[in-house]
Amino acid sequence: MSVIAILAMVVGVQAELKQINVIFRHGDRIPDEKNEMYPKDPYLYYDFYPLERGELTNSGKMREYQLGQFLRERYGDFLGDIYTEESVSALSSFYDRTKMSLQLVLAALYPPNKLQQWNEDLNWQPIATKYLRRYEDNIFLPEDCLLFTIELDRVLESPRGKYEFSKYDKLKKKLEEWTGKNITTPWDYYYIYHTLVAEQSYGLTLPSWTNNIFPRGELFDATVFTYNITNSTPLLKKLYGGPLLRIFTKHMLDVVSGTQKKKRKIYLFSGHESNIASVLHALQLYYPHVPEYSSSIIMELHNIEGTHYVKIVYYLGIPSEARELQLPGCEVLCPLYKYLQLIENVIPSNEELICDKRFVDESANNLSIEELDFVKLNLIRIAGTENK
């Protein structure tokens, strides 16, 4: 612990919370048919009515609501009990499950104060949220971006990349027989794993071949390998976890410099487990695991007698408990200047944030002619523009 932090404890000076940034994973969901379902999946044609593929289950809805309750309990004194538009920013990816997860977190985080109660029978109030369309999203889904794809392909085609991937050849052969799916990239292991997670969470009985490889075992190892290889170079870290870190950091610096446009207290980002893993990788805090449903990285900005500190909290989701993480080379309560030094090499530049997904078939199909006409050649998401 730093000298200032120790002295603060000795003389009884309290750290003053100034801002909170949160990136969290959506809740439990139904398997997503586009990438995850495999030909021999016994639930390939299962009727999940009234749910559609990829949507939140009731368990997932409750888990996100509980995340909101956790945030309310931990930060209630700081946030206050009255919602104001300028106090919170809420952004999600374009998936329905992340949009709904964001609404559920907000419902628990900001139940209506008596002053704001508009229906005595409903302990809820509407709160504005925003989302990024897939073709403009290099925050939650940067793996679609051309520069990321080029760099990852370079890594996978390198001698080292081929060697690391070949370590799972025995698993590959067995999985192809069991699933009927051709395994050609690390993502294939990843998608099979997450299909099994979703089906198990829903209460479905998994095939017997999963017993020795899931949730721990070779398939888990191959999925962890996917997280590792997709964050294995400085550029991949910049492009994957870097955009969120850049946004978090700009938000904090705006507070410190007094240039914050609105008096934001909390920024909520509703995304995916890949966002949790990539931010942990960028911070050199990742350990072999698959981030659980509703897991969250929380970055707190504190002030102790004029000196600013950063604290990182990992809400595990399952179980619903939190851990304070210590950045390598710093303390749990890390001086802001030291934090800035530690993350300097994983913050992307404007040029590295350039991401045009118009030529990705899936994204292009979702655009109207008018939208295609107006999309700029280079889409640069400048961190912190939602403050304006």
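Every residue, even glycine, has its Cβ placed from backbone N, Cα and C.
From a predicted model like this one, the values you see are computed outputs, not experimental measurements.
Swiss-Prot has this to say about the protein:
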- 1-15: signal peptide (SIGNAL)
- His26: active site, nucleophile (ACT_SITE)
- Cys145-Cys355: disulfide bond (DISULFID)
- Asn182: N-linked glycosylation site (CARBOHYD)
- Asn228: N-linked glycosylation site (CARBOHYD)
- Glu273: active site, proton donor (ACT_SITE)
- Cys330-Cys334: disulfide bond (DISULFID)
- Asn366: N-linked glycosylation site (CARBOHYD)
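Annotated features taken from Swiss-Prot, shown on the structure.
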residue : record                      : DSSP class
His26   : active site, nucleophile    : coil
Cys145  : disulfide bond              : coil
Asn182  : N-linked glycosylation site : coil
Asn228  : N-linked glycosylation site : helix
Glu273  : active site, proton donor   : helix
Cys330  : disulfide bond              : coil
Cys355  : disulfide bond              : coil
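Here the CA atom of Cys330 (disulfide bond) lies 33 Å from the CA atom of Cys355 (disulfide bond).
Cys330 (disulfide bond) and Asn228 (N-linked glycosylation site) are 23 Å apart (CA-CA, integer value).
Between the C-alpha atoms of the residue listed as 'active site, nucleophile' and Cys334 (disulfide bond), the distance comes to 28 Å. A 10 Å cutoff on Cβ-Cβ distances gives Cys145 (disulfide bond) a total of 23 other Cβ atoms nearby, all chains included. The two recorded residues, Cys330 (disulfide bond) and Asn182 (N-linked glycosylation site), have Cα atoms 44 Å apart. The Cα atom of the residue listed as 'active site, proton donor' lies nearest to that of Cys145, taking the recorded positions Cys145, Asn182, Cys334 as the candidates. For the glycosylation sites given as Asn182, Asn228, the lowest number of other CB atoms within 10 Å of the residue's CB is seen at Asn182. Here the disulfide-bonded residues are Cys330, Cys334, and the one whose Cβ sees the fewest other Cβ atoms within 10 Å is Cys330.
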